[in-house]
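**Student:** Take a look at the following structure, please.
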Amino acid sequence: MRIAIVNGEGRQALTIKGRILEVINEDNLQMDQENPNLVISIGGDGTLLHAFHAYENLLDQVRFVGIHTGHLGFYTDWLVEELDEFIHALLADRAHGETDSVSYPLLEVAVTRRDGRRERYLALNESAIRRYEGTMTTEVFIGKEHFELFKGDGLCLSTPTGSTGLNKSLGGAVVHPRLDAIQLTEIASINNRVYRTLSSSMLFPSDEYVTIIPQDGQMSGVTLSIDHEIYQAEDVEKIIYRVAKERVHFARYRHTHFWDRVKNSFISNIDSDK
């Protein structure tokens with residue numbers, strides 16, 4: 001087992017990292033920040049996002065596991081007070097061959113610039129193309145067929161696990177990660193006699209793709225976000241979104257049902273007050 005650790009800068013995260021390093025040294029585990037097959041994230045879901053993008057070129061060999069320094073997140077199974085239990089599970093995982101994992105779909109973002117440059121990104125949560133000052137106008141294609149002319153603040157494409165983030169705040173559906181799909185949700189669309197959009201979120205299976213082609217003169221101040229990273233998009237010719245061929249793998253030391261995660265994040269505190 002080759003282990004890498006990605007941690008937040010808080011005192012608690014650094015303390016947990018120190019304890020795990022002690023276990024690695026005591027039990028002859030191997031630290032390998034360059035070529036791991038297990039990445040331990042210590043912090044929140046944001047820390048795990050950073051860990052994912054740091055090792056996205058090793059997705060065919062690496063598994064992720066998260067220790068949350070706050071409340072349980074969608075990607076973090078363990079709390080600080082469960083550190084001893086986590087360490088026991090880590091050592092048991094090594095003894096059983098380091099194979100137990102669960103995988104989730106990712107979003108592929110293929111960008112073509114006007115000068116011909118092409119870029120490819122992976123998103124664990126979502127990608128959004130948006131304009132914060134004024135509106136943007138884009139053609140939306142599903143496969144090779146023109147679907148709509150969109151005018152509004154932007155568009156958000158999300159994975160199933162990312163559907164509980166920006167997508168949900170925009171009124172999109174929460175999607176179970178067993179579905180190999182991506183979701184398109186509008187950001188403040190304008191509907192009138194000239195511009196008419198569906199005004200509903202749409203789910204696309206793994207064999208379909210969505211192409212966004214901005215209209216000329218409409219891209220000033222437009223940005224493209226890939227999870228927590230933001231890129232300039234004023235010279236974008238088109239963006240193609242689809243379910244990526246890669247998947248992200250999480251070490252399954254214990255299973256937390258997806259709908260339990262949703263309830264714990266959005267409903268449980270309400271129930272406890274009743």
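Each Cβ is built from the backbone N, Cα and C atoms, and glycine gets one as well.
Just so you know, TrEMBL annotations are computer predictions that nobody has curated.
Pulled the feature table from TrEMBL, pasting it below:
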- Asp45: active site, proton acceptor (ACT_SITE)
- Asp45, Gly46, His50, Asn125, Glu126, Lys151, Asp153, Ala188: NAD(+) binding site (BINDING)
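Relative to the rest of the structure, where do these features sit?
**Tutor:** Asp45 (active site, proton acceptor): 21 other CB atoms within 10 A of its CB, across all protein chains.
In the three-state DSSP reading, Asp45 (active site, proton acceptor) counts as helix.
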**Student:** Around Glu126 (NAD(+) binding site), how many other CB atoms lie within 10 A of its CB?
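**Tutor:** There are 24 of them.
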**Student:** Same-chain residues six or more away whose CB lies under 8 A from the CB of Asn125 (NAD(+) binding site)?
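**Tutor:** In sequence order, Leu49, Ser158, Thr159, Thr161, Gly162, Gly165, Leu166, Asp227 meet the Cβ cut-off.
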**Student:** Using C-alpha positions only, work out which of the binding-site residues Glu126, Lys151, Asp153 is nearest to Asp45 (active site, proton acceptor).
**Tutor:** Glu126
